[in-house]
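Copied over from TrEMBL, here are the features:
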- Phe24, Gly26, Gly28, Glu68, Ile254, Lys256, Gly258, Thr299, Glu304: Ca(2+) 1 binding site (BINDING)
- Asp298: Ca(2+) 3 binding site (BINDING)
Amino acid sequence: MVSLKVPELVPSPAEDAEQLRKAFQGWGTNEALIISILAHRNAAQRKIIRETYAQTYGEDLLKDLDKELSSDFERAVLLWVLDPAERDAFLANEATKRLTSNNWIVMEIACTRSSHDLFVVRQAYHARFKRSLEEDVAYHTSGDFRKLLVPLVTSFRYEGDEVNMTLAKSEAKILHEKISNKAYNDEEIIRILTTRSKSQINATLNHYNNAFGNAINKDLKTDPEDEYLKLLRATIKCLTCPEKYFEKVLRLAINKLGTDEWALTRVVTTRAEVDMQRIKEEYHRRNSVPLERAIDSDTSGDYEKMLLALIGHGDA
């Protein structure tokens with residue numbers, strides 16, 4: 001006799017909203033209840049919970065969470081509850097206000113989201129900040145960083161698999177010539193990286209590797225301390241193998257003297273519903289330690305519980 005697996009019933013948004021309201025009442029906040037609900041709902045479900053909560057109680061769920069929670073746990077919960085486009089708009093805006101290393105966050109959003117998702121992020125940015133993402137990126141950057149980042153955030157790449165091999169060969173040659181001449185900020189390099197589809201870029205870089213004997217990022221490592229070259233290499237990694245890029249961000253965040261909780265929280269909340277399984281596999285392969293164990297030994301309390309729940313979010 002075949003036993004059929006009964007699908008787990010998810011409570012209704014009204015029940016979830018009611019339970020969250022209860023979690024905020026009485027002596028102290030029931031953090032475990034908050035995690036048990038929010039960490040196990042997808043983006044569409046979380047959106048309906050927020051709407052239901054507002055309709056039922058006349059309050060903004062995000063504001064109530066903000067009042068009740070604190071520190072890294074609060075940031076993880078708030079980022080997770082935001083709609084993905086709102087979250088990216090918030091992170092990009094925050095990045096433009098901080099120091100130059102946060103150019104990476106803008107690049108990360110521009111290169112690892114689909115064309116449609118990036119377009120929706122730009123719309124969400126308009127709605128929330130009454131300015132465009134590109135004008136803020138342009139205003140807060142300069143020189144080579146501005147030259148690369150503004151076209152990246154305004155890009156609307158073709159998303160299909162079709163590849164033009166003749167073009168891949170000719171553009172691999174252009175890239176090699178410019179890099180050989182150390183013209184790293186050349187408009188042709190920027191044009192290729194900011195306009196071509198990810199499939200086309202992969203084909204071009206594969207040809208580059210085969211024709212010239214080196215991976216492009218190896219040739220871009222002439223000055224390992226040059227911040228623009230670091231950003232350019234990270235851009236290429238994000239466009240071609242995002243799980244390797246995110247594995248490195250996590251590794252650096254966890255292995256730092258004093259964990260970089262902002263980077264850890266950002267990657268977990270933005271990738272949990274996208275490619276976390278691939279990132280976990282890459283992390284294990286690269287570090288010989290499961291990501292769960294690394295997070296477990298480096299964080300604690302409700303923050304740790306929230307992160308662990310999220311990195312298991314996409315698992316069957």
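Each position is counted from 1, following the chain as shown.
Note that Cβ sites are derived from N, Cα and C of the backbone, with glycine treated the same way.
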CB neighbours within 10 A of Gly258 (Ca(2+) 1 binding site), counting all protein chains shown, number 6
Using C-alpha atoms only, work out the spacing between Gly28 (Ca(2+) 1 binding site) and the residue listed as 'Ca(2+) 3 binding site' and round it to an integer in Å.
26
Cβ atoms other than its own within 10 Å of the Cβ of Ile254 (Ca(2+) 1 binding site), all chains, total 20
Between Ile254 (Ca(2+) 1 binding site) and Asp298 (Ca(2+) 3 binding site), what C-alpha distance do you get in Å?
7
Determine, to the nearest whole angstrom, how far the Cα atom of Asp298 (Ca(2+) 3 binding site) is from the Cα atom of Glu304 (Ca(2+) 1 binding site).
8
Around Glu304 (Ca(2+) 1 binding site), which residues of its chain at least 6 apart sit with Cβ under 8 Å of its Cβ?
Ile295, Asp296
What same-chain residues, at least 6 away in sequence, bring their CB to under 8 Å of the CB of Phe24 (Ca(2+) 1 binding site)?
Asn30, Asp64, Lys67, Glu68
